[in-house]
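Data block below; observations after.
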Ligand SMILES: NC(=O)C1=CN([C@@H]2O[C@H](COP(=O)(O)OP(=O)(O)OC[C@H]3O[C@@H](n4cnc5c(N)ncnc54)[C@H](OP(=O)(O)O)[C@@H]3O)[C@@H](O)[C@H]2O)[C@@H](O)CC1
Ligand SMILES: [K+]
């Protein structure tokens, strides 16, 4: 599912009106009609007071049109207008006129806190103050209005986007954002819904189809897109009946040091469960027995050193390499990584301490094989790209690094981003239970395994992240968030593959975040 910027959505709006020969007020009628249908289906005429708070732009226009439709169907509605300026959009004015035609209870013009209504906890609040046209933080008494709404326990439904959030810009003032329980967004979700600082304001959303021009939506390059099951399923390659283990790649995994051998055990098990044909594990001598006992399927290649990694021989040409898990950052290890990069052309997975070493020796960037996948956790990412000011600055820094060195970098989080040259993919699986030790080692093993099997690097990254999140979801469903461990995620990798091919129930909530 594509994510468009506010600018692209305005353009889609314009082209739709032009091609379908409708006015923007007609489009607003369609949009408000979808919100009305959603509410009406759930409320079935219930006489719960609905308070609709409108701004003076088109988001306010949506609120007015919705108010009229609800009144026409006998609902108990109060409409309020935040009258903080004389400015009004054309569609707002048209709908302001239309609502006055259907009720004597005209919208109440609010010009300060004295006009704020009392809201009963069981009432419903509809937030139509600002939509994607927000250009600055909400200030003055309008911010007080937002605080007033947020102080109410009443259910809050945001139209298009919670007021105070920018569709694709940083959060300007976290206090001045409506804490909506649910957001009904038009056509496609907004970027803000998926990034940590703004996504917290959008616990649930649904995208309502308002019939924007399909050609525009198909042909326009989005700012990002969400990875859902059908896409991952389309990447999956069936196995040939006559294939053998040599057809599924030989992964070399290098890492571990004294006290951190568990990372390599987790990565190795995850790699094998994800399907690579052969796995060789390169560990310091002290890790040999641990690995051979915990992962009997893997071959082990001991380092010259007892406790750390000092050389990673690749003269036997592994299909691909995954390096860095629990590896430590000793000087001899840095040298081993430099040599590994110099001797390897094919893309590899670079994780954990290998990333920390690159951060310390920035000139190593130039020798990373193109197409490699970097899997930093937030701390490692900060060391790689420097301190960011907000989520968008973070994405921009990562994008630049990807472009400059032709790399794929993961930005891990509630919705992990896979960023590659010219592309941002937003993962849709995963849960807070996965914020646990070793979860990242499992992921690196999975991605390395997919890469070894011949999946393109970008596809290996997207698939690995999706399947890892899906395995984590299954673990959380069975165990609860707290009991999810990396081993539990790993043991459900098989389920995550099987789930790809499970029959879907007919969709009820097209864009639900959950
Ligand atoms: N495009 C589509 O696909 C469709 C869009 N539709 C709907 O239109 C919505 C977008 O409407 P919109 O462009 O009129 O913007 P909206 O957010 O209502 O308000 C902008 C006004 O607020 C003002 N303003 C901004 N920030 C402010 C602040 N902090 N404090 C005070 N004022 C502030 C700003 O003033 P300015 O910045 O110009 O000074 C301007 O006057 C969209 O979200 C959706 O609901 C659907 O109906 C149909 C399909
Ligand atoms: K809104």
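Just so it is clear, glycine is given a Cβ too, placed from its N, Cα and C backbone atoms.
Residues 127, 163 are recorded by TrEMBL as K(+) binders, and the candidate that the same record lists for that site, out of 58, 59, 240, is 59.
According to TrEMBL, 412, 413, 414, 415, 416 bind AMP; the candidate from 386, 440, 445, 448 that the record adds to this site is 440. Proximity to residue 132 ((6S)-NADPHX binding site), defined by a C-alpha to C-alpha distance within 10 angstroms, is shown by the following binding-site residues from 59, 163, 412, 413, 415, 440: 59, 163.
Comparing the binding-site residues 59, 135, 163, 415 on other C-beta atoms within 10 angstroms of each C-beta gives the minimum for 135. In this structure the alpha carbons, written CA, of residue 135 ((6S)-NADPHX binding site) and residue 163 (K(+) binding site) are 11 Å apart. Within 8 Å of the Cβ centroid of the K(+) site, not counting the listed residues 59, 127, 163, the chain contributes 53, 55, 60, 63, 128, 129, 130, 131, 158, 159, 160, 161, 162, 164, 178. The separation of residue 58 ((6S)-NADPHX binding site) from residue 163 (K(+) binding site), Cα to Cα, is 12 Å.
Among the binding-site residues 58, 59, 127, 416, the ones whose Cβ sits under 6 Å from an atom of ligand 2 are, in sequence order, 59, 127. Under 6 Å, Cβ to nearest atom of ligand 1: this is the test, and of the binding-site residues 377, 412, 413, 415 it is passed by none.
Within 10 Å of residue 127 (K(+) binding site), counting C-alpha to C-alpha distances, fall the following of the binding-site residues 61, 160, 412, 414, 415, 416: 160.
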